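Feature annotations, courtesy of TrEMBL:
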TRANSMEM  A:6-25  transmembrane segment
TRANSMEM  A:46-71  transmembrane segment
TRANSMEM  A:77-95  transmembrane segment
TRANSMEM  A:116-133  transmembrane segment
TRANSMEM  A:153-170  transmembrane segment
TRANSMEM  A:182-200  transmembrane segment
TRANSMEM  A:246-268  transmembrane segment
TRANSMEM  A:392-420  transmembrane segment
TRANSMEM  A:440-458  transmembrane segment
TRANSMEM  A:464-488  transmembrane segment
TRANSMEM  A:495-518  transmembrane segment
TRANSMEM  A:538-558  transmembrane segment
Amino acid sequence: MDQYTLNLLIVGASFALYVGIAIWARAGSTAEFYAANRGVNPVMNGMATAADWMSAASFISMAGLIAGVGYGNSTYLMGWTGGYVLLALLLAPYLRKFGKYTVPQFIGDRFYSQTARLVAVVCLIIISVTYVIGQMTGAGVAFSRFLEVEVSTGLWIAAAVVFVYAVLGGMKGITYTQVAQYLVLIIAYSIPAIFISLNLTGNPLPWLGLFSTHTESSMPLLQKLDQVVTDLGFTAYTAQGDMLNMFLFTLSLMIGTAGLPHVIIRFFTVPKVADARWSAGWALIFIALLYLTAPAVGAMARLNIIDTIFPSGPQEQAVLYDERPDWMRTWETTGLLKFEDKNGDGRIQYYNDKAAGFAETAAQRGWQGNELDINNDILVLANPEIAQLPGWVIGLIAAGGLAAALSTAAGLLLAISSAISHDLIKDYLKPDISEKGELMAARIAMAGAILVATLLGLNPPGFAAQTVALAFGLAAASIFPVLMMGIFSKRINSLGATAGMLVGLISTCVYLFTYLGWFFVPGTNTLENIPANHLFGIAPASFGPIGALLNFATAYIVSMVTQAPPQHVQDLVESIRVPRGAGSATHH
Amino acid sequence: MSDKSSSNAYWAANIRIITICLIIWAIVSYGFGILLRPLLSGIPVGGTDLGFWFAQQGSIIVFIALIFYYATYMNRLDREHGVDEQ
């Protein structure tokens, strides 16, 4: 059987599983549609949250980013896990006690204001739609690569699959399909990592393999890696990074995590307040299974790639282009891996031609520029091929990458549809809508969101990483501060919260658009995106915490000079602070 | 719901444990993983230094421990103050 048929079979089988579960778990009432009737236990909920959380960015992209830079990109590892501590300690138990379905509902009730609620709906839709565009684009690329179709065709296939299980199944369908997706993606990620770790270090656990001895050279793996990359003019893998931006970027990802509506909504679905705390812990354990493996995948893949290109070590001759391995040929057809024989010797010289200190060595060796361009995003997908693992592992990693992208897209779509049908239509525009009508509105909203995301995904507004950074920065700057203040302060009033959200949202948008283009249209940026232009050296992706700080400060000052919230709101805050009395969800 | 003073004591105890947990959260990630890494460079861990380990693995393990510690602590605190779910 050829690789194409095998990919098709494995990806097809995994999809049949998800769709089967969605149909089996078809939602009946609105309560089931939104929150699975709060019958999901913490371990299952943790697993589903993990699948929801780990998108194409975590699965496909992150290890490649770490491989390319080394220590400096540890920010992704800390940033995308540390937010769960904030969720468990500062938000999840209180929002579960509050006992409603959506984030804007909490903001509307706590700040006793339809305006605050509408601003929250706007923030939620902007955050979720930008995020889902990235996921649909990622899923489309993965489909097109493994099914060997056009990118646009891959995108429409992705849209159809998401539509079937998200629209028909609602939350319950999503919860159980996401448990299945988690299992597929974690198995797909771990198997190649285990084989590669065994090959390089003899240790079957990649987490430990990273800090073990490299069998071939009898040196610690990371020292060996530092040595080979510096031999080629790259910065050492374990070298120090830019502290200010590492600090702010990590903080942006952490606060952003705790402010993402599709993650927060997960904690509305557990039976008890105590379970909301446990759920965050379980989610992080399941996430950590991938995140502890990712740095090993990155480091080992970097070593394997250099070893492939310089079979006798970086001091010796590079491999002949005609003798390159098959995986390079495969990926060359996608355009994500490129070779250009600049010095005409028929060999692939891969080194850092931007390092001034290395130019002399390169000249002595007769090199006239780096000849190999590898896109970081292919690293995880190509990993089994680089390590020469069997064909079914290659098919499995395709299924895993798609599971990661699709499950996140589905969770985001649920957050968008409930904000529109519940917060906008049911509670604002048309309060007398029937339960059946509301369910229909939720499904139409979901289908509409899929359509918009797919159409925008055909011509994405920028690189996926920029789009995702905007979603995190916006969540950090708009949603997280008001949720936290709503619980921990009785003094913050409607005017303060509304002003805070607007200041956080607008300041972050303006900072990002200034450097990355207005509404992400290329070429419309006011200033060139280079460190010299950045305010106090803060990169656009790191701006989230500054927006959050402005949000906090505005809300505090405005609240202090205006009237305190009414007594019933202060009583509400008192009541969400204690677990007792948390019944099942109240509809209104 | 229990009386006002017990409820205030419960909330004060909660704020205290949250503060302690968040200090540890910040020290392992922003501290050991980023800002204090140069100070820890003398402590070797598997071919590199302790700061690198905290940035790539250590902080994640501490995050998990913190959440489970907090959940256990709060379950006990809920019962002691009579505010647990029956």
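Numbering starts at 1 and runs along the chain as it is shown here.
Quick reminder: no glycine exception, Cβ is built from N, Cα and C everywhere.
TrEMBL entries are annotated by machine, without manual review.
It should be emphasised that the depicted structure is a prediction, and the values quoted were computed from it without experimental measurement.
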Among A:116-133, A:182-200, A:464-488, stretch most in contact with the transmembrane segment (A:77-95) (C-beta, under 8 angstroms): A:464-488
Cβ-Cβ under 8 Å with the transmembrane segment (A:392-420): same-chain residues at least 6 beyond its ends: 3, 6-7, 9-11, 13-14, 18, 34, 51-56, 58-60, 101-104, 121, 124-125, 128-129, 131-132, 135-136, 138-139, 142-143, 145-146, 158, 161-162, 165-166, 170-171, 174, 177-178, 181-182, 184-189, 191-192, 195, 261-263, 265-266, 380-381, 383-385, 441-443, 445-446, 449-450, 453
The transmembrane segment (A:464-488) vs the transmembrane segment (A:440-458): 3 or more CB pairs under 8 Å: no
The transmembrane segment (A:182-200) versus listed stretches A:46-71, A:440-458, A:538-558: most Cβ pairs under 8 Å: A:46-71
Tertiary contacts of the transmembrane segment (A:538-558) (same chain, 6+ residues out, Cβ under 8 Å): 244-245, 248-249, 251-253, 255-256, 466, 469, 472-478, 480-482, 485, 492-493, 495-497, 499-501, 503-505, 507-508, 511-512, 514-516, 529, 531
